[in-house]
Amino acid sequence: MPASRRVLIAGNWKMNGLKSSLAEIEALAAGYDGDLKAKLDLLVCPPATLLISAAERLAGSGVQLGGQNCHPAPAGAHTGGISAEMLKDAGVTSVIVGHSERRTNLSESDAVVMAKVKAAWCFGLLPIVCVGETAEERDAGEAVGVVTRQVHQSLPEGCTASNLVIAYEPVWAIGTGRTPTPEDVANIHGTIRSVLRSQFGAEADGIRILYGGSVKPDNAATLMAVADVDGALVGGASLKAADFLAIARATPAR
């Protein structure tokens, strides 16, 4: 990985976490020490109900705060929606968009994901765009084609190393304990890099590509050593600061 692509370890809490969980946020802030700060960025994405309190507890720690989703519209009659501006107002700097759970369960299209990327940009947020194939698509030999289509159709013009992160999450590996082989990960991440180059030229070499899918302390070192893997999008293992920090510590220095 080029030195310009700083490792990013991001934690997605999904629909987990109550006020009592802020103790884990405090532990995360305390554990992000000088050695970790020297080698990687650390980002945590708790549920929206905890964002403001989490921002207060993370202040000055260097741990970044992210949202799990944003509405494509800036404001208006969208009951239950959370805009990018609201996230920014809460202290957020990044936002996950296009997570497979939303693509699958809520039928979010590539076009909707692209609209969310643009919404994030409007308020200075860094979108983490998720792509990945289902088990059925993988078994049918369609993984490369699916991921290529998602990258092409989810990203607007103007993507750069400073305004975009990609996360490859094989849907069949999320929360299942199954992980693809390092060779499989390298193949898809290499494909994503090639697609980014075809769309954005040399700028693509600086765009970070994360791996997400049952990342744990005991497999992090192997996964993070794969070519074109620039970090991780961690699910369940990010809920406990000790586990999340263990993944960060297991990540090889670049």
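Yeah, the Cβs are placed from backbone N, Cα and C, and that goes for glycine too.
Going by Swiss-Prot, these are the annotated features:
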BINDING   ASN12, TRP13, LYS14, GLY175, SER214, GLY235, GLY236  substrate binding site
ACT_SITE  HIS99  active site, electrophile
ACT_SITE  GLU169  active site, proton acceptor
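On the structure: features taken from Swiss-Prot.
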{"residue": "ASN12", "record": "substrate binding site", "Cβ contacts under 8 Å, 6 or more apart": "CYS45, GLN68, ILE96, HIS99, GLY212, LEU233, VAL234, GLY235, SER238"}
{"residue": "TRP13", "record": "substrate binding site", "Cβ contacts under 8 Å, 6 or more apart": "SER21, VAL44, CYS45, PRO46, PRO47, GLN68, SER238, LEU239"}
{"residue": "LYS14", "record": "substrate binding site", "Cβ contacts under 8 Å, 6 or more apart": "PRO47, GLN68, GLU101, GLY235"}
{"residue": "GLU169", "record": "active site, proton acceptor", "Cβ contacts under 8 Å, 6 or more apart": "HIS99, SER100, CYS130, VAL131, GLY132, TYR211, GLY212, GLY213, LEU233"}
{"residue": "GLY175", "record": "substrate binding site", "Cβ contacts under 8 Å, 6 or more apart": "SER214, GLY235, GLY236"}
Quick one, of the binding-site residues GLY235, GLY236, which Cβ has the fewest other Cβ within 10 Å? GLY236
Least Cβ-crowded entry, counting other Cβ within 10 Å, from the recorded positions listed as HIS99, SER214: SER214
